[in-house]
Amino acid sequence: MGFWTRTKLDRRSMKSHWGAMRDMDRNERKSHDIEDLSQKYKQPKNIEQYGIEQVPEAERTVRWYDIFFMVINFLMNPGMILIGGMAVASGLSFWAAIASVVLGIAVAFVAYLIMATIGVDYGVSGAVATRMVYGVRGSKYTVSLFRAATGIYWFSIQTIVGAAAIAVVINKLFQAEVSIVAVSLIFAIFQIVVATFGYNWLKFLSRIALPIKLIGLIAICYMFMTHDDPNYAIPKVFGYEGTVGWGWGVFIVSLNSLTAIWLSMTTDAADFCRYSRTRVDMWIGTMAAACIGTFTSAFVGAYSAAATLGKVPNGLEGAATIASSGFALFMILLVVVLDNWTINVLNIYTSSLSVVNMVPKLGRFWATLLVSVIGVGLSIFPSMLNKLQDTMTVSGIFYAPLAAVVITDYVFVKKGVLLVDQLFEENGIYRYSNGWNIPALTWTIIGFVVYQYTPPEYFQSIVCIVLTGFGYYFHQKLNGQVQKQREMLAKMSA
């Protein structure tokens with residue numbers, strides 16, 4: 001029975017008496033009540049307690065609509081709006097820019113969905129799950145380290161982009177100049193508060209924010225479309241051809257940039273879905289959010305850029321510039337605040353789970369505070385926006401081969417079988433060579449090289465994923481590891 005058809009019931013039915021005894025021991029170990037974990041990590045009692053721990057099955061009750069709310073809020077954010085505008089500013093036509101963004105996300109979400117099933121089926125975070133691929137230590141000091149750094153960077157970028165738009169709105173509302181740095185700091189503190197409370201607060205914030213954000217974004221689009229400048233007219237914008245139109249070179253670079261960025265979400269997928277009730281809930285919620293959220297963000301950014309002939313790719317800033325009433329400015333301010341709040345709470349949340357995977361003794365609460373302090377420190381440097389394109393390139397170099405190795409190992413080598421107990425055993429089957437899976441690390445490094453030397457016009461992310469995945473699989477097959485690992489997993493889960 002393969003990865004795609006195996007259900008949680010199938011997994012349970014495969015277990016023998018020996019396996020059941022291990023499960024009882026695992027459940028006893030993992031079913032610490034809130035007070036136990038609060039005391040263990042010295043965390044406040046009224047927050048989410050689970051860090052590296054497996055979420056008990058009884059608490060996996062989240063339905064598709066909450067996943068939809070969280071993911072769509074993640075995708076409807078200032079950074080994504082800016083990226084849609086940058087695609088137009090790079091020379092693409094209005095529709096080519098939107099297509100490149102949406103297709104880029106679609107490609108990356110294949111990897112996302114596969115990893116999300118681990119959260120649904122096993123209730124563990126993505127950072128902890130990568131121990132099965134890279135080894136207990138390899139996961140901590142390579143994957144989690146880089147993912148934490150990436151999340152912190154995106155936290156600061158989103159804060160800066162949002163703060164810039166807020167500064168423009170405040171200036172127009174009150175004719176007062178405000179410092180982007182000061183706004184960034186105040187803004188960041190509000191985001192941190194929700195992240196420290198954890199998953200249930202994420203759900204609550206997402207439910208409240210989405211309808212308000214949708215109303216605000218519709219109002220922004222209406223403002224664009226009814227502006228008296230003829231360049232903002234719908235036919236003019238929809239017909240905007242840019243400097244290269246659908247030019248393949250620029251289109252594929254834009255598409256690849258989006259794929260590269262969202263491949264960094266591969267390890268986060270399980271984080272969002274470890275409280276999910278079923279795979280179906282995860283699939284419906286995630287895919288609906290991906291389609292609607294990506295298109296909406298790209299549309300707003302591309303419209304602003306096309307209407308200004310590529311000069312204002314930040315759609316929220318563009319809307320603030322042309323707003324003529326206090327109510328319109330207030331709506332823009334509300335959208336900016338909620339956009340940044342929802343995306344950055346998730347950035348901090350997932351980064352903290354990577355940090356706690358590296359240093360389990362911290363606990364989720366303290367890991368969140370540590371990540372927050374670093375992120376706030378970086379958000380006082382607006383010049384970081386100048387490094388955005390370079391960061392997207394680095395994301396591709398690292399996350400494309402990582403996604404290739406993780407997916408190949410889980411789906412094709414291990415056939416979708418994971419033993420949760422062993423993820424927490426220093427000397428278990430995921431120890432490999434002193435805690436490191438050398439072939440996985442080797443092929444990830446080879447993937448870096450493949451990505452670097454693949455010409456941009458050949459879709460670097462896909463070429464890297466395919467070549468790295470095939471290389472890793474056949475390397476493991478030739479040295480006998482595919483058969484060996486399958487037999488060992490079958491024996492221990494039988």
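A Cβ is built for glycine as well, from the same backbone N, Cα and C atoms used for every other residue.
Straight from TrEMBL, the features:
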type	residues	note
TRANSMEM	67-88	transmembrane segment
TRANSMEM	94-124	transmembrane segment
TRANSMEM	145-170	transmembrane segment
TRANSMEM	176-197	transmembrane segment
TRANSMEM	204-225	transmembrane segment
TRANSMEM	245-263	transmembrane segment
TRANSMEM	283-306	transmembrane segment
TRANSMEM	318-341	transmembrane segment
TRANSMEM	362-381	transmembrane segment
TRANSMEM	393-413	transmembrane segment
TRANSMEM	434-452	transmembrane segment
TRANSMEM	458-475	transmembrane segment
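Contact between the transmembrane segment (362-381) and the transmembrane segment (283-306) does not hold: fewer than three of their C-beta pairs are under 8 Å, each pair 6 or more apart in sequence.
Here the transmembrane segment (145-170) lies next to the transmembrane segment (176-197) in space: the count of CB pairs under 8 Å, restricted to residues six or more apart, reaches at least 3.
Through the fold, the transmembrane segment (393-413) approaches residues 3, 111, 114-115, 118, 130, 132-134, 143, 146, 150, 256-257, 259-261, 263-264, 266-267, 440, 443-448, 450-452, 460-461, 464-466, 468-469, 472-473, 476, 481-482, 485-486 of its own chain, all at least 6 residues removed from its boundaries and within a Cβ separation under 8 Å. When Cβ distances are compared across the two stretches, the transmembrane segment (94-124) makes contact with the transmembrane segment (245-263), since 3 or more pairs at least 6 residues apart fall below 8 angstroms.
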